[in-house]
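Taken verbatim from Swiss-Prot:
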type: COMPBIAS; residues: 38-48; note: compositional bias 'Low complexity'
type: COMPBIAS; residues: 552-574; note: compositional bias 'Polar residues'
type: COMPBIAS; residues: 734-743; note: compositional bias 'Polar residues'
type: COMPBIAS; residues: 791-813; note: compositional bias 'Basic and acidic residues'
type: REGION; residues: 27-57; note: region 'Disordered'
type: REGION; residues: 552-575; note: region 'Disordered'
type: REGION; residues: 692-714; note: region 'Disordered'
type: REGION; residues: 734-755; note: region 'Disordered'
type: REGION; residues: 779-819; note: region 'Disordered'
type: REPEAT; residues: 132-171; note: repeat 'WD 1'
type: REPEAT; residues: 177-216; note: repeat 'WD 2'
type: REPEAT; residues: 223-267; note: repeat 'WD 3'
type: REPEAT; residues: 277-316; note: repeat 'WD 4'
type: REPEAT; residues: 348-390; note: repeat 'WD 5'
type: REPEAT; residues: 393-426; note: repeat 'WD 6'
type: REPEAT; residues: 439-483; note: repeat 'WD 7'
type: REPEAT; residues: 637-675; note: repeat 'WD 8'
type: REPEAT; residues: 860-906; note: repeat 'WD 9'
type: ZN_FING; residues: 1062-1105; note: zinc finger
Amino acid sequence: MSSSTNGHSQSNFAKFAFNIYGTLSTTSSSTPQSHEISPSPSSSLSSSRSRRNKQSFRAATGHRLTYQCDKETISLSQLNYPLQVGGYGTELHSIVIGGKNYLRLLCISESQQRIIDDINLLESKSIYNSRVGSKLININTIKTYESTIATGLSNGVVSVYKISPNGQGKQTGRFSDHKRTINSLDFIESENQLLSGSQDGTIKLWDLRSSSSKPSITIQASMRSDPIRACQYSPHSSVKNKMCVLSVHDSGALCKFDLRSTGGNGNIYSPEKKWNLHTGPALSLHIHPEKEYVITGGRDQRISVFNYGEGQSNSSTPENTIITYGPVLKVRWSSYSNISQSGDEFEEAQSSLSPSKINPLYNYDIACSYLNDDPTVAIYNLSRKYVPKQIIHSKKPIQNFIWARNGHRDRNIWTLTKSNTFNSYNLDQIDEYDVSRPLDDLNNVAVAWDNNGNFSMANQDKYDFELDDNDIYDRPEGSSEAEVASHGMDPEESGNAIHFHNSATTSPVEKAALARSYTHNPMSAIQLPTKSPLPIGRNGTGFLGHDMSLPNISTRPKLTRNTSQTTQDSSVSYGSAYPIPQSANSNTTLHMKRNIISNSTKSSNTSAYVIPVVLPIVSNDEFVFKKLSSEYLVKLPDGFTMIDVCLLNASTAASVNSNRTCQVWRLLAVSLQEHFDSQKAPMTIEELEKQQMEQNENEEGVPNATVESATDSMPAKSVSSVLGNFVESYKTNSSFGTGSQINKPGKSVKSRTSSGVNLMDKINLASRTSSFSKTSFKFKEKEGVDEDGVPEDKEKQERGKAEDQETENDKKSIHSNQEPIVIRTTRHSKVEDLDDENLNIANSMAMKSSPTSVGISLPSSHTFSSSIASSPQPIRGQIPPKQQLATTRESPVHNWLDQKKNELFRGRNVVPAISGLSLALKSSNNGDEKLLTRAWKFKNLLRKSLDYAMLQGDVIFCSTAAILFYEFAEDTISEYEYLEWVSLYIDILQKKKLFVTAINILNSTAGSIKSKLQKIYSVDLDLRFYCSNCETLLVNEKSQMSQKGEFGYWYCDECNKLQSKCVYCNEPCKGLAVVVGLKCGHQGHFGCLKEWFIQDENMECPGGCDYQIL
């Protein structure tokens, strides 16, 4: 390809050939692309070549520079060397991109808005690439200096290229002394000396003028191989007659070498200084442009700012640390300072102060990219290190980035994504849609909860952050607040401000709606002129009856120091400056704005305040949480069923007075029992008669002496509904009708869903002592009226005789402890009344006859006669009295059937048969299942209980119920809800240091959920120990390399002191010894303390501190 042809002489073939190497597009123009692409389709070639002033360049920054590479790319750099390409003779900026068999030089314009030409440097002819032209070349890193380009390959080779003024490249050197991948390159003060750091743990210094292929100096941090991730020459050390090189390693250490302190063979085997700044591999470093500071980033999600100068050599901890949200892959200082540019209000306030009072590290921003396919680049500033200043968002993960140099000192960042796309971002451009500013989206007021249910509210102006009281708030001694507020303004404006304060505080009409925005200090020595509170000027709180023409100079009110922080110079307890309200006719200039910000910053005593709030929330009691979380059953013990677990959880909830949760667990147990019973096949009349005959035969053959034992041991053959037994237990609390009821104590009955103990009796026993027993649900027994409202005068006498006879035979019958259930005909024997047309009438009648019973539920099988059903009265209207219902005539056939039924099944427990209509509706697939779903089904009750618990924030109930019933009701509890509840529950348990309970919850989850949770919470721990004396990381590499004595971490190589000694034997605690720490602070071996306290029976600490242990 011809790279130096003129734009006027380009042909169509040249355009097609040029597109092979990538898309040189910076605009969305539909015109054909050429070697020179202008930012606008209407701009001509001649106009694009003309030089423009600064304003025209900034006006044309609406188009982003992008380039799509045709091969896999890894490395990125910038070449600042004048090239004469495409008819341009000015100083151009060039982009160097490297990858797999890829090394291109992209020539761009001075405005960095369009690409002039691209050059393939691998096609250059030389003696080095002619013999190995077909081999794979994988360029891992690139470094440039003037016209020299150095590349580090993945096979340990360093290649050097020279660029001529016409843009042609030629390979001039090839060095292959490294054994593994080259990770970092850097030039030393000129283009003739080159540093290379490799994965093999060595740094080599190359003399590019020499014909030898061997390095001049080889540097190694230790005898064992510690891979070098990055290395850089320090330009600030030449002033002190030194040549310092810094490097970071996989061990997390930062090493400092002096190239002039080499041995006789020209090699260095130990660093001059070494600092352990990271708890994992350190992946990047970059030296400050002006000071002897270095920033390092590592996989431990930290960015460390460290002073490596001679005066700070004894320091082992970084001066600043930025906690990021991911492992840091690359970190860079900005190319230009922020002093010359006009930024936001915070930077304006900082620049208005004295330069000597500003930290010089604040002048430069820090950019970092992240590991693990993160598509962002975060820009930080040490003045606000907790919140990113800006964030660049990319569609694909970012592979590499650099700060771009330009003639306008703009903050430009060039990125290279894993989709092989080059992008340029201008951080000074406001309308950059892929650059966000998190500080602008944050609120001034924030609320945070702690683990004990208390919360704190923080109130802070977003531009006032960590301002030094001694340096910035230099208020003159003896000056008043009003004088400080008006300081820096014109005398007329100052007088207006004070006049507003005197007038506004005396008028109750002009007082702001927000009465107090500050905290009163009772120790204040200065009294306000009036007793009315000071009005606060805010956006959104107007002042009635006020009309002033002051400029918009109101600042956000600030809170002063607390009583413990009050000094002689800060005795005023009210807000900073006396605020001035907004005016509708305000036109604030930039000079006025910066002046007011500067003076208001000086006048305030503090920039933020935190208000802790303690709320004794009953539902968030610490004791209740610990008891429920530790005693709730989340899995089935041996010999227990799901119903047993629900009842035990109900008793646990009742023990902490959580009555509603207790009743929910009981309700779920009853509903679950009914669900199991409904799965049984209904019994026909013939089966019931056969079973009854077998029972009569057994009764005749059993002696009277063994009746009681048989009752306890023989399994119950009755399969009556447990719901009937449950509601029958409440007959002693309320009644229906005028007749008496027969209540017999029943014994435990086993079913196939129980564990040998009648759990319903536990419910009845516990419910009688609770407030819920007064509103219990029960079946009514009509004694003067049958199911159709027909009188039973003739049957009363027969029933009375039968009851007397049954009372005498109670001791002989093994079924005497069970309540009789009347068997209805097919027309009345429906367990589930699906239409339920008479439920409201039955309930109304029950409420009228028994006003003291709050909740009465009648069986759905009650059917009234046609005379009642055809009544013109509405459902909720007045129901005829019971005597009127009793006079209704009944058919003879019904009387005959009831008589035969009572004679056959009197005193026997049977299961009501399900009607054919219900069976047909259940087996029909044409009906709507939603219409057939009953509200008291188990899954419906479970869903309603979970929804209510979510609204109440009951994470314990949600998590416990999800773990117990997820496999049973997968259609009710989704997998997302399961993961959300359980993961949140585990997080809370870990915050409360209930680690055993958290592990129990994790192990009790379902198999598919457990594997996902284990990836989050079951991770390997990387423990790092620090010296208790000098607070340095315990590495002890010196003693490990010397291999003398017993190696361990019970001593420190830096301060040569032991970490801990036994208070009893005064020997170091090392090895696998168990160390016990006492409350007084002393510690010792477990065996020593056991001998002191247990065998010798001492009560005080053996260290002589007179602390009574027992």
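Cβ atoms are placed via backbone N, Cα and C, with glycine included.
Sequence-distant neighbours of the repeat 'WD 1' (132-171) (same chain, 6+ residues past either end, Cβ-Cβ under 8 Å): 3-4, 74-85, 96, 98-103, 105, 107, 117, 119, 121-122, 124-126, 177-187, 190-191, 194, 196, 198, 200, 206, 208. Under 8 Å from some Cβ of the repeat 'WD 3' (223-267) lie the Cβ atoms of residues 180, 183-184, 186-189, 195-203, 205, 216-217, 273-287, 291-292, 294, 296, 298, 300, 306, 308, 310, 1035, 1041, all in the same chain and six or more residues away from its ends. Counting residues per DSSP class in helix, strand and coil order gives 31 helix, 0 strand, 8 coil for the repeat 'WD 8' (637-675). Secondary structure counts, DSSP: the repeat 'WD 2' (177-216) has 0 helix, 18 strand, 22 coil. Mapped onto DSSP classes, the repeat 'WD 1' (132-171) shows 0 helix, 23 strand, 17 coil.
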